[in-house]
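Contents: one structure, followed by commentary.
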Amino acid sequence: MKKIYITFITLAVLGISAGILYLTVVRPGSMELPEDVVMETAFGGEYSFADLPPKIRLIEFMYVNCPDVCPTTSLRMNLLRKKLEEDGIFGDKVEFVTVTIDPRRDTAEKLRYYAERFNITDDKSGWYFLRGTEEDTKKLADTFQFMYRDPGTGNFVHTTFTYMLNENNKLIESFPMGEGFDTDRVYKRIKNEIN
């Protein structure tokens with residue numbers, strides 16, 4: 001009986017180690033942004049994922065009518081933005097990209113209103129609020145293995161992570177959304193990546 005427990009514990013440790021290795025080394029290194037995806041910004045501009053200038057990017061997927069984790073994450077990202085602005089690096093070395101997963105309901109007008117709640121009033125701030133076709137949204141979300149679906153109620157069930165890309169647009173870390181989005185931790189990670 002003791003042998004069975006030892007075997008089970010060994011297999012569990014190996015499985016957890018393999019999962020950590022995949023999430024920290026294999027998956028981040030293999031992620032490629034879809035260069036053929038072009039989305040509309042909340043302020044009428046275009047945002048192409050092809051040939052992006054080298055910057056640290058924080059990618060958030062959300063929808064305007066989300067009742068909990070999305071607005072909480074955006075609020076915490078706004079606090080993070082203020083710290084990065086104080087350091088003089090937001091917009092220049094760091095940008096945020098917020099993508100709606102509900103482009104059918106989240107019109108440009110609704111997305112603009114959402115952005116304005118965080119004092120973002122144009123495409124020059126360094127924080128882009130994007131909407132694309134449903135196909136392009138899915139293609140981009142699939143890149144991050146971000147899953148979402150509308151069960152028919154308009155309240156999406158979705159993955160709850162934001163994603164940090166390095167200057168080469170490679171995934172280097174995922175952060176929990178909502179109350180789990182630790183502004184100080186993300187700030188330190190961004191600063192470490194820049195220095």
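Backbone N, Cα and C define each Cβ position, glycine as well.
All annotation found in TrEMBL is predicted automatically rather than curated by experts.
TrEMBL lists CYS66, CYS70, HIS158 with the feature Cu cation binding site. The feature disulfide bond is assigned by TrEMBL to CYS66-CYS70. TrEMBL lists 27-195 with the feature domain 'Thioredoxin'. Annotated transmembrane segment per TrEMBL: 6-25, in sequence order.
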Taken over the domain 'Thioredoxin' (27-195), the model's mean pLDDT: 94
Fewest other C-beta atoms within 10 angstroms, as judged across CYS66, CYS70, which are the binding-site residues: CYS66
For the Cu cation site built from CYS66, CYS70, HIS158, further residues of that chain with CB within 8 A of the site's CB center: PHE61, MET62, TYR63, ASP68, VAL69, ILE101, PHE156, THR160, MET177
Distant-in-sequence Cβ neighbours of HIS158 (Cu cation binding site), under 8 Å, six or more positions away: PHE61, ILE101, PHE146, MET147, TYR148, ARG149
HIS158 (Cu cation binding site) - helix vs strand vs coil (DSSP): strand
CYS66 (Cu cation binding site) - helix vs strand vs coil (DSSP): coil
